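Student: Quick one: the structure is below, questions incoming.
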Amino acid sequence: MCISPKNPFLVRSARPGSLILPKPRSPANSVRFHRVAAVAAARATAIDLSDPEWKLKYQRDFEERFNIPHITDAFPDAEAIPSTFCLKMRSPTYINNKDRVLLKVINYSSPASAGAVCIDPDCTWIEQWVQRAGPRENIYFRPEDVKAAIVTCGGLCPGLNDVIRLIVITLEIYGVKNIVGIPFGYRGFSDKNLPEILKVVQNIHLSGGSLLGVSRGGPTVTEIVDSMEERGINMLFVLGGNGTHAGANAIHNECVKRRMKVAVVGVPKTIDNDILHMDKTFGFDTAVEEAQRAINSAYIEAHSAYHGIGVVKLMGRSSGFIAMQASLASGQVDICLIPEVPFNFHGPDGVLKHLNYLIETKGSAVVCVAEGAGQSFLENTNAKDASGNKVLGDIGVHIQQETKKYFKEIGVAADVKYIDPTYMIRAVRANASDGILCTVLGQNAVHGAFAGYSGITVGIINNHYAYLPIPEVIAYDKSVDPNSRMWHRCLTSTGQPDFL
Ligand SMILES: Nc1ncnc2c1ncn2[C@@H]1O[C@H](COP(=O)(O)OP(=O)(O)O)[C@@H](O)[C@H]1O
Ligand SMILES: O=P(O)(O)OC[C@H]1O[C@](O)(COP(=O)(O)O)[C@@H](O)[C@@H]1O
Ligand SMILES: [Mg+2]
């Protein structure tokens, strides 16, 4: 077996002497983000490496890209007042607006270093700083004038209730009395039969799901902002993934266009962990932990059967983070398949041949596959869900069927069991580590809004909390780097070959 890094540094050169960027992964379902990605890439590729000043220019460009929009951009005379965020025990320490968090902490000495993402062929180190999150000494909203709304969109994810709870609690500490929940995602802005939700949030984190409900699809941005104007909402907290954030950014832009003094702040919710620049998004840790149960069940089934093969499909439309981490954590997986790494089923190096080898040598096998893997083997229906996401074929069922067929053909007994735990995983409550993450994200979302920022999202970066402009985190979907140490660790743990 040989794990050979075929492409040592997953970069593309836009033109000779110009910037080398990490290759934007553009799965079929993210067509709507191409414009944002193109804008981000176009700005970066404008840097000419033959210019002796290119580093400085790159840094300036980076600072501009990661500068977070502020109420004073549209309202230069907006009044700042001393913060009303005061804890009972002691005065809080504040974050200075000039505080920064370092985005990249590894100084790669060569593009051939595992996982290296380089700006130029020499892999030059350039400091990239982003805004530190937290409470500011001055705020741009009077609590008594605030009507805050919270909305949760997209699919379920452990921790939604934890974030809702902390947003409400923190708003109350600032002195806000008028706090509402928008029911069933963006849909709640347009559906007249869905009244705003006013509920006690104290213990909502004890159960999974979303107190407010979620949905895909829904009204246009114009309709949402019309509704916000009608309701007098001037702080909007949006919990959701890349689609939701694209919506949140469009809402922010529309508010600026209409000269509405509104703070729109996102909290990234994606169980798939596919939002850029962050260590992880909330719910991911819990998902990996909960996935252990499914993998363990598949292992027990496979191990207890004569020639048993357990197949587990985990979430991950375009990114195999859950499958990779769950496989690594379990130590029970023999084959891990993710969308980022191509593979063959059939042929001398294919998955089926290796399964036969495992049955011959170990007597059983466990396969863990991410839902977006191997889509080229399945029929493309071109179907889309209400949000415009591509409806994927079921790779788990396909593996089950192909495996049964293959072993029948070669005349070897095989007992194949398939588990899809997706909706069981998504519905659980957040574990302790996600509970803490949600708490800090929820608090920081409110601090960001009171500080006057809008069109931003909050995330954990190198264990510190930061505010980022929305377009930068959704420019394309974050994915597993097949040349990363983590993927190689996963391969070391499963012992699987290349399958190509
Ligand atoms: N480009 C976009 N602009 C505005 N709203 C969007 C966009 N993409 C998705 N949305 C809306 O965001 C919400 C959630 O999107 P979806 O893709 O289902 O989940 P997620 O936010 O988890 O990616 C839906 O209501 C959808 O209509
Ligand atoms: O059945 P649904 O609700 O469309 O959700 C399925 C999708 O939800 C996810 O778990 C997460 O998706 P979102 O981040 O868009 O909510 C995906 O992995 C999966 O494809
Ligand atoms: Mg999405």
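A Cβ is built for glycine as well, from the same backbone N, Cα and C atoms used for every other residue.
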Student: Would you identify which residue of GLY155, GLY308, GLY310 TrEMBL lists as part of the ATP site it also attributes to ARG216, GLY217, GLY241, ASN242, GLY243, THR244?
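Tutor: According to TrEMBL, the candidate sharing the ATP site with ARG216, GLY217, GLY241, ASN242, GLY243, THR244 is GLY155.
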Student: Given that TrEMBL assigns THR270, ILE271, ASP272, MET315, GLY316, ARG317, TYR423, MET424, ILE425, ARG426 to the substrate site, pick the one from GLU172, GLU196, GLU223, GLU371 that the record assigns to that site as well.
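Tutor: Record check against TrEMBL: substrate site with THR270, ILE271, ASP272, MET315, GLY316, ARG317, TYR423, MET424, ILE425, ARG426, extra candidate from GLU172, GLU196, GLU223, GLU371 is GLU371.
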Student: Please report the Cα separation of THR244 (ATP binding site) and THR270 (substrate binding site) in Å, rounded to an integer.
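Tutor: So the Cα of THR270 (substrate binding site) lies 10 Å away from that of THR244 (ATP binding site).
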Student: Would you say which of the binding-site residues ASP272, GLU371 has the most Cβ atoms within 10 Å of its own Cβ?
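Tutor: When each Cβ's neighbours within 10 Å are tallied, ASP272 leads.
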Student: Relative to the mean position of the Cβ atoms of GLY155, ARG216, GLY217, GLY241, ASN242, GLY243, THR244, the recorded ATP site, which additional same-chain residues have Cβ within 8 Å?
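Tutor: Filtered neighbour residues, in order: CYS153, GLY154, GLY185, GLY240, SER387, ASN389.
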Student: Including all protein chains shown, what's the count of other C-beta atoms within 10 A of the C-beta of ARG426 (substrate binding site)?
Tutor: 20
Student: Listed binding-site residues are GLY241, GLY243, THR244, GLY316, GLU371; which sit with C-beta under 6 angstroms of ligand 3?
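Tutor: If the test is a Cβ under 6 Å from any atom of ligand 3, the answer is GLY241, GLY243.
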